[in-house]
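Residues annotated as domain 'Cadherin' in TrEMBL: 11-96, 97-204, 205-309, 310-403, 444-545. TrEMBL lists 564-584 with the feature transmembrane segment. According to TrEMBL, the region 'Disordered' annotation covers 637-664. According to TrEMBL, the compositional bias 'Polar residues' annotation covers 652-664.
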């Protein structure tokens with residue numbers, strides 16, 4: 001401190017008295033002066049006094065000249081050089097070359113990298129200038145795990161992972177302390193700014209979801225609300241969103257980071273019942289990062305589909321004599337809706353009356369030929385589908401041929417040479433037989449028709465196609481019967497050797513499987529002339545036997561009547577023949593599916609591969625030509641019903657017989 005005294009060794013003078021009296025002077029100095037003790041002692045002490053504080057860092061060494069002078073005459077002097085070395089004191093704190101260090105570091109910087117290197121100096125000497133570095137304060141405090149400073153070099157290194165999204169700025173207060181006594185310290189600040197990198201993918205959240213969506217929802221309906229964000233900043237945090245598949249949904253945004261998933265197109269649950277929608281987000285970094293969020297959108301059903309049958313028209317073939325309750329066919333309607341909207345119930349529908357028939361109850365038989373089946377779902381409101389069922393009854397051979405009663409009892413009513421007397425045979429009996437009577441003249445040529453066996457079969461097709469055979473007598477007899485016409489004619493010229501009477505047993509069979517049959521016994525009387533014939537004709541024991549008359553008014557009347565009916569019969573046959581030719585030609589030149597129809601009560605006539613025929617209750621007359629090989633015959637069967645009693649026999653004979661066989 002100023003005023004400090006440092007003793008000096010004084011000078012000596014060998015003289016005595018005043019010549020030995022010494023005085024001292026010091027070369028000019030602002031820090032020191034020389035001071036002599038003023039006491040009265042024999043030896044006086046000499047001191048170097050500090051007048052101003054020393055600063056080693058300014059003048060580390062002071063060089064002074066101390067001069068001693070005696071009081072002799074002349075005065076003599078002696079000099080001495082004072083070399084004053086200023087010892088260091090720890091009077092200087094360390095000083096950093098920068099008070100603030102600014103550092104920019106990417107958040108993906110690797111651990112161990114040098115963040116900064118701080119440097120401080122101390123002008124003191126020795127241990128007073130030896131420094132140690134330390135991070136005194138971390139801002140935020142969590143940074144203590146991220147940074148480390150070398151206490152000797154002042155090098156700061158990264159010891160953890162930076163995250164821009166967590167902390168974007170760090171502040172480190174560094175202290176440098178010397179080793180003096182007492183130690184002195186200096187301070188600086190390191191400011192570290194973390195630079196963002198695109199290390200965070202976008203994030204998508206569903207904040208609201210309105211499902212299921214009704215399939216009749218309008219376009220623009222909001223299905224879900226979504227929030228999208230990216231923790232990065234700048235372009236790295238700018239997010240673009242899209243939806244996949246691109247239809248039927250889309251995205252709309254009104255606020256940054258908020259999106260609405262809306263309906264862009266109409267839905268159809270029957271086509272797609274559920275959608276897996278993916279919302280995709282992509283940021284603007286390089287390279288860009290992506291994220292997605294799946295949204296499950298089920299579609300709620302509405303009753304927008306009516307039941308639909310697999311066929312608009314069902315054709316059903318049912319065998320006759322089916323028991324009540326037997327299954328005829330199975331129809332099925334599909335409704336693609338679900339639950340009650342797709343649950344289908346069936347009923348028969350009467351289109352005329354508009355009534356539904358779901359159970360038992362009487363119905364006209366015609367309604368079973370073609371009727372409508374209705375399928376109704378259980379939706380609200382219910383939807384309806386319809387299908388037409390056309391029922392065709394397949395005939396079974398359950399009826400035996402039935403012999404018809406005589407056509408008439410009067411003479412001249414039969415256009416053939418002989419009359420026919422017949423008796424009925426029960427249709428259910430295959431073994432029953434009836435005796436018929438006819439006559440023939442001796443000398444009649446071969447081929448002369450003497451009688452006609454008439455029979456019908458209530459079945460149809462093959463089952464109603466009849467053939468006639470002579471069962472007895474076997475072998476070659478004088479008579480034969482037409483295989484399909486039933487006409488009994490002479491096989492050769494009749495002779496007296498054939499006897500007065502011939503008994504024929506004729507069997508009528510159908511073509512069913514197994515075939516059914518009926519038999520008739522025909523007794524043919526052989527006579528010589530017209531008078532005998534008239535005599536036989538007038539006999540009450542042979543009812544229905546017709547003989548030709550000779551002369552007289554009766555014979556003339558019979559002949560005229562016969563001629564008239566022959567003309568009528570020939571005209572009828574010719575008309576049918578011409579009509580058949582026209583129809584046949586039309587069917588040959590018209591398309592295969594051509595159908596001629598008229599309003600008359602109808603018989604559906606179809607040529608099958610075997611030449612059989614079938615009938616229908618349909619109110620139209622149709623001629624169908626089947627594909628396949630051509631046929632040489634066109635056969636038309638008349639309805640297999642006996643003539644009503646009120647119709648005259650002559651009309652029955654003349655009109656019915658031409659329609660039984662038509663050859664081409």
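The backbone N, Cα and C atoms fix where each Cβ goes, glycine too.
Just so you know, TrEMBL annotations are computer predictions that nobody has curated.
For the domain 'Cadherin' (444-545), residue counts in helix, strand and coil come to 16 helix, 41 strand, 45 coil, using DSSP. Averaged over the domain 'Cadherin' (11-96), the predicted model reaches a pLDDT of 89. Each residue in the domain 'Cadherin' (11-96) gets a DSSP state, and the totals come to 4 helix, 36 strand, 46 coil. Break the domain 'Cadherin' (205-309) down by DSSP state and the numbers are 4 helix, 57 strand, 44 coil.
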